[in-house]
Amino acid sequence: MGGVNEIGSNKAVSVATTPPISAPPSQFHSPSLSRSPLLASDDHIQPANKTPRISTPRFVTPLGSPIRRALQLTRLDPHDAWLPITESRNGNAYYAAFHTLCSGIGIQALVLPVAFTILGWTWGIITLTLAFIWQLYTLYLLVQLHESTETGMRYSRYMQLCSATFGEKLAKWLALFPIMYLSGGTCVALIIIGGQTCKMFFDVICGGTCTAQPPTIVEWFLIFTSAAVLLSQLPNLNSIAGVSLIGAITAFGYCTLIWVVSVIEGRTEGVSYNPVRGSTEVTRIFDVFNTLGIVSFAFRGHNLILEIQATMPSDEKHPSSVPMWKGVKIAYTLVAMCLFPLAIGGYWAYGQRIPENGGMLTALFVFNGKGTSQFILGLTSLFVIINALSSFQIYGMPTFDDMESVYVKKKKKALPWWFRAILRAMFGYGCFFVAVAIPFLASLAGLVGGIALPVTLAYPCFMWLKVKKPKAFTPIWCLNWVLGLLGMALSGVLVAAGIYVIIDTGVEVSFFDP
């Protein structure tokens, strides 16, 4: 790196003269490397019309710590000030809680009771609890890895941290597809779910009294996509904090409504809690592993944690990890209040009769649709639609950032507003096309959960070992190796189980026929 400053407790600070770097005004407060715990305001890049000046960083003291002696001040990347994830850095713990809750809980949680039909009461609760603790631990690791105390670097994207840890080539092999699926694939699934729920909401509101011809399911997909594209024109991740708040409230609302109504209505007639068993031993084993994939897929959002933390300011005294972890604790307290009652209450109410497609939402309408108030059914459907629209924004943001970075790096300037609007509309309607072409995507939850599992449960452990370099055979070293290797092994087994279950039971394939 050019212009490296060496800081010692008894040495003078020397700065190599470098040409001035042009950057937009916002760059002085929001690039990837600025406002880090180890970069002071005097270390920011200079505007083009000013000459560089030599200054002593404000944190240098006569008693330099080992970290400060090892510090290397890096050049700033001016591109980050023009990209949607890092364009604004005025977030806080509440914004982090909104984003984390909106991305951490969603419609995939409604199929958790399906896992209990295979695992039963005891193993279902144990598996759900262990998975929750495991993913919360790896989430903590990611929060701590966001900022490097050695280089002052802020890793504002999951792929950026993977590349810095594993190398670019290996990172692409390991993490590119799962991360892209968790962004684009989730948006496709949200269009499918949102469109189907729009149709359910229309049926509830009309109640068979409407004379107008209702839209087809493809038209509902298009209506939902158009609303999502319109909302996606908000420029950056911080600007959708209000959208994420609404998404978080509605997610908590429909999860609570569904399990409360299901419990109040009581157990369905002929309910059974005996675990479903396959005809052969192999089938039973693969059913269990496929169920673990469904549980792991319920915990999503780790691919967005670094991006959410990148929206926060950070300095030496107030690192971003503090408010970020505070926001995560708030969010996952509410996540636990949704997932556990939903899984346990749903299985208690419906037992083996819980539908595989749609989970609790479908069960609510099928088994309790006649006895439940139309207002409650309509409100639940509306909450699902609003949450899907909100989740589309935060899950689409990494793809927006990636698309815009191509232009920014090539042209060395911010993307024009009209070009940004076109790109985001292309992404939204591209997802619509895939949703219409592959409407059975939701049936592959177990397989997809296995593919994406390392992003949540394995890679953070390996990255922490590589970056932090703990002493070998210490408890923390052993814990991360065990969890990382177990996560990778579990991922391979879940992918194999998902493929076997699809082949054995079959999936209703209906291309361009939603």
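Count begins at 1; order follows the chain as displayed.
Glycine is no exception: its Cβ is also placed from the backbone N, Cα and C atoms.
Database features, via TrEMBL:
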REGION    1-35  region 'Disordered'
COMPBIAS  7-29  compositional bias 'Polar residues'
DOMAIN    90-502  domain 'Amino acid transporter transmembrane'
TRANSMEM  93-115  transmembrane segment
TRANSMEM  121-143  transmembrane segment
TRANSMEM  173-193  transmembrane segment
TRANSMEM  240-264  transmembrane segment
TRANSMEM  330-350  transmembrane segment
TRANSMEM  375-396  transmembrane segment
TRANSMEM  417-438  transmembrane segment
TRANSMEM  444-465  transmembrane segment
TRANSMEM  477-503  transmembrane segment
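Of the ranges 93-115, 121-143, 330-350, 417-438, the one with the most Cβ pairs under 8 Å to the transmembrane segment (240-264) is 93-115. The transmembrane segment (417-438) is in contact with the transmembrane segment (173-193), judged by 3+ CB-CB distances under 8 Å for residue pairs 6 or more apart in sequence.
The listed stretches are 121-143, 173-193, 330-350, 444-465; of these, 173-193 has the most Cβ pairs under 8 Å to the transmembrane segment (375-396).
Counting C-beta pairs under 8 angstroms (sequence separation of 6 or more), the transmembrane segment (93-115) fails to reach the transmembrane segment (477-503), with fewer than 3 such pairs.
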